[in-house]
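Reading through the structure tokens given below for one structure.
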Amino acid sequence: MSGGKYVDSEGHLYTVPIREQGNIYKPNNKAMAEEMSEKQVYDAHTKEIDLVNRDPKHLNDDVVKIDFEDVIAEPEGTHSFDGIWKASFTTFTVTKYWFYRLLSALFGIPMALIWGIYFAILSFLHIWAVVPCIKSFLIEIQCISRVYSIYVHTFCDPFFEAVGKIFSNIRINMQKET
């Protein structure tokens, strides 16, 4: 196990479990962890979640915050009975609340599994395919740029210098005839 450390937005330090003997990359892993005792260290995979504020980064503020008043409105002069309005409000609110709970109970865990797999694949591809491809491309481009630079300095520079010298001696005299 590694001793990788991560800090979240609240300043908590997370780490994967630390072995007593360390590992081949960080043999003094346990000693390093004890030095950081002033910060509370959490396991990255068992991070405590907030059951009250479930959208701490406000991802869905503009999208799914739909209340009864956002969907159904009666303008002045066109009002239903007060009892109907109250019953409609209650029906809408309770139906939305419980149907969301039903859908999340049925599909929440399977969707979390699917999205977990998707983002794991995405992370894997980024780490093991995209970044190495970009790095190799940059290495190849650097090699090609050196060859291109030699070509330009060998062939193009002398040619354009010669053309520049040819045209540098051209003089234009304008005279007005009377």
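The backbone N, Cα and C atoms fix where each Cβ goes, glycine too.
Annotated features, as they stand in Swiss-Prot:
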MOD_RES   S2  phosphoserine
TOPO_DOM  2-104  topological domain 'Cytoplasmic'
CROSSLNK  K5  ubiquitin cross-link
MOD_RES   S9  phosphoserine
CROSSLNK  K26  ubiquitin cross-link
CROSSLNK  K30  ubiquitin cross-link
MOD_RES   S37  phosphoserine
CROSSLNK  K39  ubiquitin cross-link
CROSSLNK  K47  ubiquitin cross-link
CROSSLNK  K57  ubiquitin cross-link
INTRAMEM  105-125  intramembrane segment
TOPO_DOM  126-178  topological domain 'Cytoplasmic'
LIPID     C133  S-palmitoyl cysteine
LIPID     C143  S-palmitoyl cysteine
REGION    149-160  region 'Interacts with SPRY1, SPRY2, and SPRY4'
LIPID     C156  S-palmitoyl cysteine
Alpha-carbon spacing, C143 (S-palmitoyl cysteine) to C133 (S-palmitoyl cysteine), which is rounded to whole Å: 15
Nearest-integer angstrom distance between the alpha carbons (Cα) of C156 (S-palmitoyl cysteine) and C133 (S-palmitoyl cysteine): 32
Neighbour count (Cβ, 10 Å) for K57 (ubiquitin cross-link): 8
Long-range Cβ neighbours of the intramembrane segment (105-125) (under 8 Å; 6 or more residues past either end): none
Around the Cβ of C133 (S-palmitoyl cysteine), the count of other Cβ atoms that are within 10 Å: 10
Local confidence of the topological domain 'Cytoplasmic' (2-104) - pLDDT mean: 74
Collapsed DSSP category at K47 (ubiquitin cross-link): coil
Residue counts (helix, strand, coil, in that order) that DSSP gives for the topological domain 'Cytoplasmic' (126-178): 43 helix, 0 strand, 10 coil
K47 (ubiquitin cross-link) to C133 (S-palmitoyl cysteine) - Cα separation in whole Å: 33
Secondary structure at K57 (ubiquitin cross-link), reduced by DSSP to three states: coil
C133 (S-palmitoyl cysteine) to K57 (ubiquitin cross-link) - Cα separation in whole Å: 32
